[in-house]
Amino acid sequence: MSRNLYYTGPPKFIIKGIMNSTALPQEIQNLTRARFADWLNAHNIAPYRADQVFKWLFVHRAESFDQMTNISKPVRTLLAESFIIGRLKIARTQQSADGTRKYLFELSDGEHIESVLIPEEDHFTLCVSTQVGCAQGCAFCMTAKKGFVRNLTPAEITGQVLGALKTLAPEERLTNIVLMGMGEPLANYDNVITSLDTICDGDCGLQFSTRRVTLSTSGLVPRMAPLGLATTVNLAVSLNATDNKTRDMLMPINKTYPIEVLLEACRTYPLSNRRKITFEYILMAGVNDSEKDALRLVKLLRSIKAKVNLIPFNEHEGAAFKRPDDAAIERFKQILHDRQYTVMTRQSKGADISAACGQLAADIKKYGQNK
């Protein structure tokens with residue numbers, strides 16, 4: 001699949017003349033393996049060296065070109081002159097009582113993002129950010145209060161995975177990636193696609209199965225079909241309401257792409273065999289948790305290969321919404337279940353360290369002295 005060599009990061013990160021070895025060094029992780037092979041070919045170096053270099057970067061997690069002992073010294077010298085191996089700095093770490101870990105990453109320009117490592121029964125899931133801040137303005141999300149600062153580069157997206165992997169004990173396994181952290185992934189489309197290429201590269205990349213990678217969108221409709229053609233990762237859609245008036249209030253993007261437009265994009269989304277779209281539904285007391293809402297949701301999802309992830313609202317300081325009581329949550333779930341939908345109720349983890357759904361804000365002051 002063809003990818004653009006250039007990515008759409010902030011001006012200071014734009015790659016200029018990367019095919020020219022005299023350009024300023026750039027982070028090599030901003031390239032797909034295929035584009036790096038093109039660069040090697042342009043410098044009269046056998047393209048198969050791209051496989052070797054990427055294995056060093058993402059399988060062996062080398063931090064310098066000198067560690068790449070099966071690459072000749074002249075090639076290593078050229079690589080060191082042309083590229084840098086970027087690594088994100090973990091500025092702070094917090095651990096929840098339930099074992100959830102939240103990482104505050106410091107970027108090269110001084111900005112901060114957060115990632116969350118979520119413990120499951122026998123593995124971990126990493127929630128990854130794709131932007132510094134977010135422009136979507138969802139009423140229930142703390143990231144929205146930060147506003148949009150910039151897109152993350154491919155290196156900064158994959159760097160969160162590498163950073164988390166480095167903290168794992170030998171017996172701990174990271175098997176799942178969810179692009180559900182700070183930012184709207186489809187608003188940073190090119191960089192996200194480039195990073196997914198590396199994350200899901202089973203030979204020389206981070207080696208995650210596409211079945212274990214999920215991208216969540218607020219409903220940026222024009223980018224949905226291209227996503228389905230570019231990758232087979234799982235799609236999750238943050239729906240959160242069953243009528244346009246409520247969704248307009250919760251998610252301003254609905255004024256541009258209302259529910260009927262969003263769901264039509266879901267109906268025509270190029271799903272792989274036996275896959276379903278996950279519809280995320282944050283339950284807020286008195287807002288979208290009634291029996292009528294549940295019945296409308298059933299009607300809306302007809303003819304879509306769908307499953308539903310119910311997320312009881314995670315209350316936080318200054319929040320305008322409340323979590324429904326357990327009876328309301330169970331009633332909503334049962335209505336969907338009785339209509340043969342696969343329904344999960346997300347068990348919120350990390351709420352005591354503001355690491356649960358909707359709570360990421362990269363507020364360094366909340367970390368205190370906890371390293």
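Our numbering is plain: 1 for the first residue shown, then up by one each step along the chain.
A Cβ is built for glycine as well, from the same backbone N, Cα and C atoms used for every other residue.
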Further binder of S-adenosyl-L-methionine named by Swiss-Prot next to G183, E184, S238, L239, N240, N314, taken from the candidates S209, S216, S290: S216
Most crowded position, judged by CB atoms within 10 A, among C134, C138, C141, L239 as binding-site residues: L239
Which recorded positions sit within 10 Å of C134 ([4Fe-4S] cluster binding site) - Cα, from E114, S216, S238, L239, N240, N314: none
